[in-house]
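Heads up, the thing below is written out as structure tokens.
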């Protein structure tokens, strides 16, 4: 009973804010996590030795964070689009296995994430942090580019809309576009509000919902076996499996679109890496649990798709849009099955909560890097011990996208737009692990306690390149939008180039014209102990003095004053700390 309670209710590990403030002020000291020294580039977001968000994520939290983001709406909504792209039931089923291989292989079968987590075990944010540390030069380039995409595309509109559609389907109501929009916004608002009030209770609720969605998938799989055994109202359960590989498409774009949809269904296998700083003994726990979540989901995905095709004719599945699971329930249970799509809506709700929990940590980490304005506001955990501002941002953008864009081309385009830059970032993350190893070896730093295998790295890079190249291949039917099929690729690349241009103007050209340079200052909040960087404009006349008295992170080096009032000759590293925006103090932290 205690184990079951712990599984669903999570850890009770709140933090003492006074302890967080005291320890995080001293972040200039050598940081140890589980007895292992941590080294990171000074321009990265500063270390928080005590997480202001608490420690509510244990092995069960890791499992359910990954499972809940993977098992959202993809397995219930994408089988139809995958079949439509491939024109083959047999190949569609194989693709779900390939999706597992890609999910395991992309980003190095989780091994790259594991290596990064072993190097930076007290940093949340996942990819935000890892790209920052893999590519510290040019200074602020990657934090700037990633911050733009993280903030601008932090909406979760598609899952909210699917949730609304499944609720209406379960109620037997033919809802119009604005009815769907209204329910989607209302549901998302309620879930975001829960995450806003309490990290502990939002994770507890997500754990319960995640357990329910696993039960749903197991139920679908078992029902599929019953269908195949001829124990249901389905007359010919083997119809879709005869000549199942006939008519396979030869169109490269269709193949890639199917891979993108499969990738969407598996998205979230690394969600727990966004909350690493909120896990006690993070690397050891992640190493054990993260791969298990992917394996569990992959097995249930394949069995669920077999169940779908055993009950729903291929023609109906092609036209199912987001309602593949609803058609399955109705085919097997008739009128009684029309209420079962409500279970899928529950699954979508859990996915939304998992995304909010994970992605708000990414936004917070972008702010702590100093590249967002009012960094202390984004990083603050006041007043409820949650990332308040990032959650409000996600809610606002999600609401705007749902209400402002009509369902159809514009909506689908905006949802797809992030996918191309994502593939670019994933590729750079894989390559970055080699660059990081090289730099650490050159600087005489120890190897990571866990290193990704070369074969996994090569496979991951190949998958990313494939997903970057193949969308340019023209589809047979013109694609799923009325305009040019590769528009989202061009716009995605254009946005990345625009980020580079903005970076050049902001960090190099304007400072050169106005006679200053950008330097970093580390600030510790006296309210919750959160730690951020602030980018300062230092005039050219003061830069030489600044650089000789400060390190890259804004720590100041001074000579201590001995008992006689003379310089004692012992150089100490002092942490510059700004309190309440009025007082700046220096806290002695380390001899050098």
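Cβ from N, Cα, C; glycine included.
Residues or ranges marked as transmembrane segment by TrEMBL: 57-77 (among others).
Annotation source TrEMBL lists transmembrane segment at 89-114 (among others).
Positions annotated as transmembrane segment by TrEMBL: 145-168 (among others). Counting residues 6+ beyond its ends, the transmembrane segment (145-168) has Cβ neighbours under 8 Å at 72-73, 76-77, 127-128, 131-132, 174-175, 179-185, 187-188, 322-323, 326, 341-342, 344-345, 348-349, 351-352, 355-356, 359, 362-363, 366, 369, 371-372, 390, 393-394, 397-398, 400-402, 405, 407, 411, 414-415, 417-418, 421, 425, 495-496, 499-500, 503 in the same chain.
According to TrEMBL, the feature transmembrane segment maps to 180-199 (among others).
Marked as transmembrane segment by TrEMBL: 205-228 (among others).
What TrEMBL lists as transmembrane segment is 289-311 (among others). Beyond the ends of the transmembrane segment (289-311), by six or more residues, the same chain brings 59, 62-63, 66-67, 70-71, 75, 79, 89, 92-93, 96-97, 99-100, 103-104, 109-110, 113-114, 214, 217-218, 220-221, 223-225, 227-228, 232, 234, 237-238, 240-241, 265-266, 269-270, 272-273, 317, 324-325, 327-328, 331-332 to within a C-beta distance below 8 angstroms of the stretch.
Taken from TrEMBL, the feature transmembrane segment covers 339-358 (among others). Listed by sequence, the residues of this chain that lie at least six past the ends of the transmembrane segment (339-358) yet keep a Cβ under 8 A from its Cβ atoms are 64-65, 68-69, 71-73, 76, 126, 156, 159-160, 162-163, 166-167, 169-170, 187-188, 191-192, 194-195, 199, 202-203, 205-206, 209-210, 212-213, 216, 268, 271-272, 274-275, 323, 325-326, 329, 333, 391, 394.
For 391-408 (among others), the entry in TrEMBL reads transmembrane segment. Beyond the ends of the transmembrane segment (391-408), by six or more residues, the same chain brings 151-152, 154-157, 160-161, 177, 180-181, 184-185, 188-189, 192, 195-196, 356, 359-360, 363, 414 to within a C-beta distance below 8 angstroms of the stretch.
According to TrEMBL, the feature transmembrane segment maps to 420-438 (among others).
The transmembrane segment feature in TrEMBL is assigned to 450-473 (among others).
The annotation transmembrane segment is assigned in TrEMBL to 485-505 (among others).
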**Request:** Please work out whether the transmembrane segment (420-438) lies in contact with the transmembrane segment (57-77), by counting C-beta pairs under 8 angstroms that are 6 or more apart in sequence and asking whether there are at least 3.
**Result:** no
**Prompt:** Counting Cβ pairs under 8 Å that are 6 or more apart in sequence, does the total for the transmembrane segment (450-473) and the transmembrane segment (485-505) reach three or more?
**Reply:** yes
